[in-house]
Amino acid sequence: MADSEPTHSTRSLLLYKITTTISYLALVITAFYYTFNSTPQRLWHRNPSTPFAQSSIVTSIYVLILFILQLVYAWSLYASNPVYVSAAVNIGAHFVANNLLLFGFIHLWVRAHYWIALVLLIINFFNLSFAYFRHSTTPRAIHIGTVSGPLAWNFAALYWAGAAAVHTNHLAARIVANVFIWGWLGYGVFFLAAYKDYTIGFALSFLAFSTGLGQLLTSPHILQLQYIFAFTIAGLLFVLSLAVGVPGLLGKDPFPRGQIVSEDRERAPLLADE
């Protein structure tokens with residue numbers, strides 16, 4: 001039995017190498033094809049004028065950066081450092097599931113099956129959230145491309161796809177959207193405060209900026225406040241992420257990434273004085 005563990009580990013690692021490569025290539029090729037092909041079924045042709053429409057250029061840049069960073073994860077499966085290999089294996093199933101779900105999402109999205117596409121995003125949101133909360137201390141080089149970056153995009157995409165599925169751009173819908181968009185700030189602040197994770201803060205800031213630009217291109221309305229709110233949220237998240245990230249990068253952060261700041265730790269100096 002003792003000799004079976006290394007064999008099982010080797011087989012699992014080989015399985016993740018194969019499934020990661022296949023699912024990653026399937027997603028990247030599909031994304032590039034439906035972004036640049038000349039047929040009517042283009043990814044950004046399905047970007048209706050809604051309160052959460054994004055800038056195709058800015059969001060495409062974000063996704064391209066994610067694809068590049070995910071190569072770091074693929075490399076980790078072949079690394080000699082056991083810490084990176086173990087971290088890569090731990091989130092391997094979540095990463096493969098993310099690729100397959102987004103592969104299906106793109107095919108549904110370009111064919112205007114918005115509601116089914118939204119269901120896949122909801123499933124993937126739970127998949128990535130589970131990966132985050134279970135492996136919040138994954139090495140940052142892997143964490144950004146496979147956990148925090150995709151989770152931030154998936155969160156923003158829920159609003160984007162949800163608005164497209166509802167398919168309304170009336171005044172009442174925009175008023176509701178003016179309220180809902182502040183959920184982005186609350187979501188980002190949660191990770192900044194609880195997990196000291198500035199990577200997801202910067203990611204949400206970037207996507208909020210993309211939404212602000214996208215709203216500038218939509219038809220004007222009496223209460224066209226969405227782009228103002230989006231830019232405000234982008235700026236706030238950027239500043240807050242800097243405030244959290246700089247001390248950590250300088251080695252002066254008293255609370256390591258991935259640890260929730262508890263009430264007992266906040267009261268520790270007071271208890272010491274007693």
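Glycine is no exception: its Cβ is also placed from the backbone N, Cα and C atoms.
Residues 42-44, 60, 63, 67, 70, 73-74, 77-78, 88-89, 92, 95-96, 99-100, 102-103, 106-107, 110 of the same chain lie 6+ residues outside the transmembrane segment (14-36) yet bring a C-beta within less than 8 angstroms of a C-beta in it. If you look up TrEMBL, you'll see 14-36 (among others) marked as transmembrane segment.
Among the features that TrEMBL reports, transmembrane segment is placed at 56-76 (among others).
Here the transmembrane segment (83-106) has Cβ contacts under 8 Å with residues 12-13, 16, 19-20, 23-24, 26-27, 30-31, 34, 43, 70, 73, 76-77, 117, 120-121, 123-124, 127-128, 130-131, 135, 138-139, 141-142, 146-147, 150 of the same chain, all six or more residues outside its ends. The transmembrane segment annotation in TrEMBL covers 83-106 (among others).
Residues 46, 91, 94-95, 97-98, 101-102, 104-105, 146-148, 150-151, 154-155, 157-158, 161-162, 164-165, 167 of the same chain lie 6 or more positions beyond the ends of the transmembrane segment (112-132) yet place their CB under 8 Å from a CB of it. Per TrEMBL, the feature transmembrane segment maps to 112-132 (among others).
Marked as transmembrane segment by TrEMBL: 144-163 (among others). Sequence-distant neighbours of the transmembrane segment (144-163) (same chain, 6+ residues past either end, Cβ-Cβ under 8 Å): 48, 50-54, 62-63, 65-66, 68-73, 91, 94-95, 98, 109, 114, 117-118, 121-122, 124-125, 128-129, 131-132, 135, 138, 173, 177, 180-181, 184, 187, 191, 197, 199-200, 203-204, 207-208, 211.
Counting only same-chain residues 6+ beyond the ends of the transmembrane segment (175-195), those with a CB under 8 A from a CB of the stretch are 50-52, 136, 148, 155-156, 159, 163, 201, 204-205, 207-208, 211, 223, 225-226, 229-230, 233, 236-237, 240-241, 244, 257-261. Taken from TrEMBL, the feature transmembrane segment covers 175-195 (among others).
What TrEMBL lists as transmembrane segment is 202-222 (among others).
Annotated transmembrane segment per TrEMBL: 228-250 (among others), in sequence order.
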